[in-house]
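A quick write-up on the structure given underneath.
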């Protein structure tokens, strides 16, 4: 089970209202390579991991991704705080406003709703770990695109933190891949 | 022979059609404040993004 | 009553310690036999628990299983997304 801790993992600040950037940040709130996809992917795949190291790692990285999802949500909340319907319309968030007002909703930067089709759990741990390494790279690239789209120092610092986490997670999934493969070699199972 | 050619011959204990990541060894770490600012406690994993002219680098 | 700036400052210290613990924990997930990493983890967990206790006594519970004075203080603003750090 989980307990909520009433704090963010990283102190996420913004300079002020920026609806254009808020719209782009939805990429990481409900897009294909979003923090939501990452959390659901790892917390779903973990049941069929064969060794304790991998069960622990997918649980803990999956949990950290939920904290990242909260950080992205916080950035969007702060960047849209107090925006009027007319301002939302002018920033390309009129479609969002029509259905969600100023609430958050898991869709991507273009308004496409999140779907479980963004993730996979094949039951083959080697395959799933490769997917996760690819997912970390895709998220890292998305953060680089997002950093290039803003000059807000608070947003850049927060996105740079999240981008670096993708690098660390990639290394850990790589280590899990090596350990799982070693486990199968001992058992004389080859994929 | 280039490194990739050497690996393709199965040297270094590596097999074809498999991805390899070196296991990290524990060394120096950042203090907690610096770790939070950088996004990792491990100096050897710190790979900051340096945009070139505001464009994502390749 | 303590001021907002001191609350935020202590919260940032907790964030730093907890983050250091988390990053070490992910390392330990794939390196469970690394004694030095585990020792660092143990030391930081100790410091984190001490600081968390001081924070909660002063500013209110961070978790629903932390003890609260009357009236139940866990619900109080600000929530994490409302804080200017």
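Glycine is no exception: its Cβ is also placed from the backbone N, Cα and C atoms.
Annotations in TrEMBL come from automatic prediction, not curation.
Listed by TrEMBL as binding Mn(2+) are A:65, A:68, A:136, A:169; the candidate from A:35, A:86 that the record includes in that site is A:35.
Less than 8 angstroms from a Cβ of chain C: among the binding-site residues A:35, A:60, A:68, A:136, that describes A:60. Cβ proximity to the Mn(2+) site centre (mean Cβ of A:35, A:65, A:68, A:136, A:169, cutoff 8 Å) flags the following additional same-chain residues: A:38, A:39, A:61, A:64, A:139, A:162, A:165, A:166. Residues near residue A:65 (Mn(2+) binding site) in space but far in sequence (CB under 8 A, at least 6 apart, same chain), listed by position: A:35, A:36, A:38, A:39, A:42.
Separation of the C-alpha atoms of residue A:169 (Mn(2+) binding site) and residue A:60 (Ca(2+) binding site): 10 Å, rounded to the nearest whole number.
Residue A:136 (Mn(2+) binding site) is 15 Å away from residue A:60 (Ca(2+) binding site) when you measure Cα to Cα.
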